[in-house]
Amino acid sequence: MATLKEKLIASVADDEAAVPNNKITVVGVGQVGMACAISILGKSLADELALVDVLEDKLKGEMMDLQHGSLFLQTPKIVADKDYSVTANSKIVVVTAGVRQQEGESRLNLVQRNVNVFKFIIPQIVKYSPDCTIIVVSNPVDILTYVTWKLSGLPKHRVIGSGCNLDSARFRYLMAEKLGIHPSSCHGWILGEHGDSSVAVWSGVNVAGVSLQELNPEMGTDNDSENWKEVHKMVVDSAYEVIKLKGYTNWAIGLSVADLIESMLKNLSRIHPVSTMVKGMYGIENEVFLSLPCILNARGLTSVINQKLKDDEVAQLRKSADTLWDIQKDLKDL
């Protein structure tokens, strides 16, 4: 007796499952992981989305909740499992998993605890998707991107840290607000470490090709009567401010990660400030990852732009590198 489905649908091709073309995996379904997931779905970047976490009930609940929105999405397959086999054949894997910093905990201790988590996660990712590009989002992102590169054995053009893509977006938003224009028309770069020691490249800030530092030579210095330096301070403080108000940050980083993925999956060769291996650049001698303007396309992170930095900006970058290396050099089991 033919089933309803057989009566309704006449098969033309064999019913074998197609290998996905643009599969994306998100590891960790906390606030940041799910913001990444919804941003990826909202931009229709994936033909399959896989979620992985150790919390099985939470994981299944998030998967079902997204699946129930399938009518409003163009992503035909959404899957989840604590077993990494569900991630097989991913083009891009976003890592948001990790332990939270405890009150009074040193950064080194937090990093070492996250290294121990990554030692389980990263080999599993590479086992099932050996050709993937990994985007690291977990903090401290620059150090954990280095850790991922070490543990994965992947070439450095396929291990990327979300880095200062969000810091630069915050910078452009805050500058644009002051000027009354859209952030996409206000150009400026935050480089270096994602976080407290990031570097604002004031010499490159421009609107419609007009250098703002030429209009106000004191811009970004302590002598500036308009106090533009405060904008960079607001960028650095903004995460702490949001965390104080709502407990965590998630929407902006989720949108930022989807922006990076779009440049890669659509082979756009757009330039983003993301974390990459900077040894040999700007006189940095250690294997550290910092954000520089990088070209992202279908091959991953293919090139770095040689930004013309002023002496004090280079000094700040090197200081960032030293700060990170001080922590990295003491990490165990890499």
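Glycine is no exception: its Cβ is also placed from the backbone N, Cα and C atoms.
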(message) Going by Swiss-Prot alone, which of Y173, Y240 is annotated as phosphotyrosine?
(response) Y240
(message) Just to confirm what the record says: which one of S11, S85, S168, S303 has phosphoserine annotated in Swiss-Prot?
(response) S11
(request) Based on what Swiss-Prot says, identify which of S44, S90, S138, S263 is the phosphoserine one. (result) S44
(message) In whole Å, how far does the CA atom of N139 (substrate binding site) lie from that of H194 (active site, proton acceptor)?
(response) 9
